[in-house]
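This report refers to the structure that appears directly beneath it.
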Amino acid sequence: MADITDHHATATATHAEGQQHPLRLYLLVWGLLFVLSAMSYMVDYVGLQGLMRWSLIVIFMLLKAGLIMAVFMHMAWERLALVYTILLPPLAVLVFLAIMTVESDYTFLTRAAAFASP
Amino acid sequence: MAETILHAKRPEGIVADWSSDQRAFKRISWGKAMMWIFLLSDTFVFSIFLLGYMSARNSTQSEWPDTDKVFSLHVGGVELPLLLIAIMTFILISSSGTMAMAVRCGYARARRPTAALMALTALLGASFVGMQAFEWAKLISEGVRPWSNPFGAPQFGASFFMITGFHGTHVSFGVLFLIIIAAKIWRGEFDRPGRTWLKSGAGDYEAVEIMGLYWHFVDLVWVFIFAFFYLW
């Protein structure tokens, strides 16, 4: 019983202090997201091509995603038990990505060999 | 009991958290944990859409349509590539910012600012959906269909409608729930005692943060769609 009340007390206590973070941090992230979006748009506007284009697009994308998750979604202040639960499973997608890259290359080559147009 | 406190203060307590009885996510309400787990499942849904798009684009023999040209707008006689998409991106980021402010105001128990900021978020979200509808109408009138289009590889249409449609649906439901929660807060329902499906007692504004998690996730997905579908 004492355990339950105590647990509840800690829960409400963290609630009260909860996810209260400095306004300046939010505004900074907000500004950064604008800048990063503008920069990824510029990559297209300027017309960069090839490796430069793809690497910049992915870098800006990951920076934006990281800022949103860490600060706006408060992931930076959550317990590791939750952080790992959410962030580790999507890594399986990378395996699927590798499989589908090989698979779609194979389809591409098969189509080329069979002279199929679509 | 002493153990619980000890673990709460140690970041390496992840093994202890997971091997403990009753609850793995300590100090996190079930509502927030469930939203995170739902978002994890949604991550897989969108990942698989994007992977499907990658496979279609990678395996087609025809040229993939140039998104610069397909999504360009004529403004004052100048053709600006991806202009509408860029505006949509900025609108969604703005709405993410107002949502973060709403969460902050919620924990400060500032009733009216919280409701107003959520309403503003909903308004920005609705304008995003409106622009998406305009984009769809424009492309459909130009002859883009899920099975063919005049710009290049026929798989383009299926990928476009599937990915942006599913994302737009997420935004629409987000707008709906933002309006519901904002209205309840504005009426003061969150400051009255008693338990409802959104709060456990007077002054429990955690629902705003949970709503925020969903909204930021929708923005997060758009970051990936913008990069992989529009810019790539």
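Backbone N, Cα and C define each Cβ position, glycine as well.
Marked as transmembrane segment by TrEMBL: B:33-56 (among others).
Taken from TrEMBL, the feature domain 'Heme-copper oxidase subunit III family profile' applies to B:35-232.
Residues of the same chain lying 6 or more positions beyond the ends of the transmembrane segment (B:82-103) and with a Cβ under 8 Å from any Cβ of it are 67-68, 71-73, 75, 113-114, 117-118, 120-121, 124-125, 127-128, 131-132, 134-135, 171, 208-209, 211-212, 215-216, 218-219, 222, 226, 230-231. Residues or ranges marked as transmembrane segment in TrEMBL: B:82-103 (among others).
Look at TrEMBL and you will find B:115-136 (among others) tagged as transmembrane segment. Sequence-distant contacts of the transmembrane segment (B:115-136) (same chain, at least 6 residues past either end, Cβ-Cβ under 8 Å): 71, 84-85, 87-88, 91-92, 94-95, 98-99, 101-102, 105, 161, 164, 168, 171-172, 174-175, 178-179, 181-183, 185-186, 208, 211, 215.
Annotated transmembrane segment per TrEMBL: B:156-186 (among others), in sequence order.
Annotation comment: TrEMBL describes B:207-231 (among others) as transmembrane segment.
Confidence in the domain 'Heme-copper oxidase subunit III family profile' (B:35-232), given as mean pLDDT, stands at 92.
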